[in-house]
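Chemist: What follows is a single structure, and I will ask about it in a moment.
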């Protein structure tokens, strides 16, 4: 009781001094003091805690002038995967809570529908056709000698320029080596990140499955875990991976409490192969996919709890989204696109629509927005909130969302362009979308025929081509009203959209006029640069020293030495 009274008295004295500095300003009334007293006692406990907090005020002042920024990125998560976005059996979790207490967008778009180009769009704020992140291939492979071009300014480099400490964990997929199997020329440590924890330079894929479900042995050419720029496990152990990323993130936050930071947390969930720790296995009524989502959800909750424990939650803006739409070809292991047609790799809405949540307690009012936003907007928004600006010598497709987030303003986007490599597939103008080319989209019945017990047949892949037999060209384009028909099921008749087509053509003309196409960088290969932690063990090793894991890797090493491993 005495300590609480002390807290109240101390607050009264501080507020009295502040009020006395103004000539004509009245002091706080009794109700305001009572409210402040309740807040202080509830949040800080007693006078000693309050004194400690006030003693730290000077240290936190720099951080408070610049909000911390955290980008939480899911892999292959569909817009319909979360309960808050309408999934009927996925259990509500902490991400749903962030959506309900933050701003949830119903029209979030990815910069591309495939991993590498969509991630380049996020970290640069520019469409892949501008940055050159396209080619005959659609992604950076472990034997690609190039990476995200050095002339592109990454979100980490931009935030460093704004006075931020930068960190990254998880999936990178924007290049690895250039001249040798270990030079790490294109890794995140060379692209503006001060701290790089455990990361997947290539990513997780069905080839990394260590359960025997998809193949007998993980492919060492594609499955490696790094810490900073050093390989620590090849192939990596799935169990415990999410916890490693979480712990790295928590440590980074705690190390940078007193200065502004940007943290990029790029989860391996929800990409196939699915995985979860024993604590989450068989806990979701949705099955393995639900288990995976719940594990990622808890990691996010623990990251946010760290912000709360360090009293910086109200000075931290969090973006949660996905790189693109769900990989439907993986049947029961793929995500949910909700009502939207198509999925990963396609220009239908299902390939580009993503969950998009912005959470900033005390600053962003809770709500739902139907404005169009894109993953490319994150860099422009973060840099602006940090009091800086992006370079003016190039075109940015991403726009600053500050007024949308804080004032409920309209979207800065009047249109959106859907590319497949360097091919313009479709254009959205307002509520209308014009398709110039479409990929064959398998019906749900066809999907069911191609899935054996919920798992894909070896030869089953959806059409994600940009041209060829499974791509249909439309001249004139087929048109959809996305407000009335978000599933793109009912094309408008030609007599109903002549005026809209004029607006589409105008948008394309403006787009083409300012387009400088980047030189493609995805087709330069050298198989000698594939990462290999130890050639003497056929590239099978573990240096992470995780409890209970070393024995597992020793078994793998023995197999590799005895029989060799798939290359």
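Backbone N, Cα and C define each Cβ position, glycine as well.
So Swiss-Prot says this about it:
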- 115: active site, nucleophile (ACT_SITE)
- 75, 76, 115, 323, 324: Ca(2+) binding site (BINDING)
- 115: 3-oxoalanine (Cys) (MOD_RES)
- 1-19: signal peptide (SIGNAL)
Chemist: Translate the DSSP assignment of residue 324 (Ca(2+) binding site) into the three-state scheme.
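Modeler: Its secondary structure by DSSP: coil.
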Chemist: Which of the three DSSP states, helix, strand or coil, fits residue 76 (Ca(2+) binding site)?
Modeler: coil
Chemist: For residue 76 (Ca(2+) binding site) and the residue listed as 'active site, nucleophile', determine the Cα separation and express it in whole Å.
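Modeler: One finds 8 Å between the Cα atoms of these residues.
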Chemist: Cα distance, residue 323 (Ca(2+) binding site) to residue 115 (active site, nucleophile), nearest Å?
Modeler: 7
Chemist: Excluding 75, 76, 115, 323, 324, which residues of the same chain place their Cβ within 8 Å of the centroid of the Cβ atoms of the recorded Ca(2+) site?
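Modeler: In sequence order, the nearby non-listed residues are 74, 77, 110, 114, 118, 119, 271, 322, 327, 344.
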Chemist: Across all chains shown, how many C-beta atoms besides its own are within 10 angstroms of the C-beta of the residue listed as 'active site, nucleophile'?
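Modeler: Taking every protein chain into account, the count is 25.
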Chemist: Count the other Cβ atoms sitting within 10 Å of the Cβ of residue 76 (Ca(2+) binding site), across every protein chain shown.
Modeler: 26
Chemist: Through the lens of DSSP with three states only, how would you label residue 115 (active site, nucleophile)?
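Modeler: The three-state answer is helix.
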Chemist: Across all the protein chains here, work out how many other Cβ atoms are within 10 Å of the Cβ of residue 323 (Ca(2+) binding site).
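Modeler: Summing over all protein chains shown, residue 323 (Ca(2+) binding site) has 29 other Cβ atoms within 10 Å.
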Chemist: Taking the Cβ of each of the binding-site residues and counting other Cβ atoms inside 10 Å, which one has the highest number: 75, 324?
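Modeler: When each Cβ's neighbours within 10 Å are tallied, 324 tops the list.
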